[in-house]
């Protein structure tokens, strides 16, 4: 382990084999907490390569829980977090809109690390049981078309990494890895990151992980979602090719809002915001959700443009389909 950390300290990249070996040792309890923290910091300072990120994701997925389900076209819209925007739970709210629009949403998430409320926190406040067994979660998914997978329970091997990660208190390769290690073999994905310089390389990792179609999004002001406060950049993975583009609210015929307009609060406050959006109450929260759900529909390939996706998201919410999915999840995942 010492040799690996010294190599990273010299800003030398690890091979896929080296990274695989290191992570296997970590997730089987053979590395100290201090060494793990040093590794995470060294990788962050050097800059993580697609090969390193693919290797860690493949190892972590190999140690994840298996969710038995009859659904084979699941999608997720989990972001990396770590943007310190203190926004409401955008992707979690948008997940219900996507599910209401007919997409099988397997929402993967965790408790907050750098904000007041993570996806697990807000859903727990809404009565969702975070601790169902994998077989029970599979049944929920089959019955409702939506399920929440609590990352802590899905990845028992993460217990070896979490103490060092929490102690550091800064975004590391594990933030970048979280959305990549979904327990299910996803076909499509919308993945938010707070570092736009990693758009293309993250799309490359998704390609390496077998995604058929995906979008990696980096919003304005470091937001790890699409934003109405400036220019949003995306990388689209389609037919094995990656293309980069950007858009503004004006491009989509939408009104702009400042970052402070979408500030959230604690889990209970964010739960109330989520409900207000699904009830179609006009606000910057609603508009931001519509934007991100629209981008999700486009990432899934359900429609042909982000603008069409935004229109579909509005219809789904207005018809009560998104709220209906929340009620179903509350009924079955309890």
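One-based numbering along the chain as shown.
The backbone N, Cα and C atoms fix where each Cβ goes, and this holds for glycine too.
Summarising the annotation, Swiss-Prot assigns anthranilate 1 binding site to 79, 110 and lists sequence analysis as the type of evidence. Marked as 5-phospho-alpha-D-ribose 1-diphosphate binding site by Swiss-Prot on the basis of sequence analysis: 79, 82-83, 87, 89-92, 107-115, 119. Residues annotated as Mg(2+) 1 binding site in Swiss-Prot, with sequence analysis given as evidence: 91, 225. Taken from Swiss-Prot, the feature anthranilate 2 binding site covers 165. Positions annotated as Mg(2+) 2 binding site by Swiss-Prot, on the basis of sequence analysis: 224, 225.
Annotated features, which come from Swiss-Prot, shown on the structure.
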residue	record	Cβ contacts under 8 Å, 6 or more apart
79	anthranilate 1 binding site	91, 179, 191, 192, 193, 224, 225
108	5-phospho-alpha-D-ribose 1-diphosphate binding site	76, 78, 149, 151, 154, 178, 179, 182, 183
110	anthranilate 1 binding site	81, 118, 119, 120, 150, 151, 152, 178
111	5-phospho-alpha-D-ribose 1-diphosphate binding site	118, 120, 121, 152
Original post:
If you run the three-state DSSP split on residue 87 (5-phospho-alpha-D-ribose 1-diphosphate binding site), which class comes out?
Top reply: strand
**OP:** Pop the Cα-Cα gap between residue 87 (5-phospho-alpha-D-ribose 1-diphosphate binding site) and the residue listed as 'anthranilate 2 binding site' into the table, whole Å please.
**Re:** 22
**OP:** Count the other Cβ atoms sitting within 10 Å of the Cβ of residue 165 (anthranilate 2 binding site), across every protein chain shown.
**Re:** 19
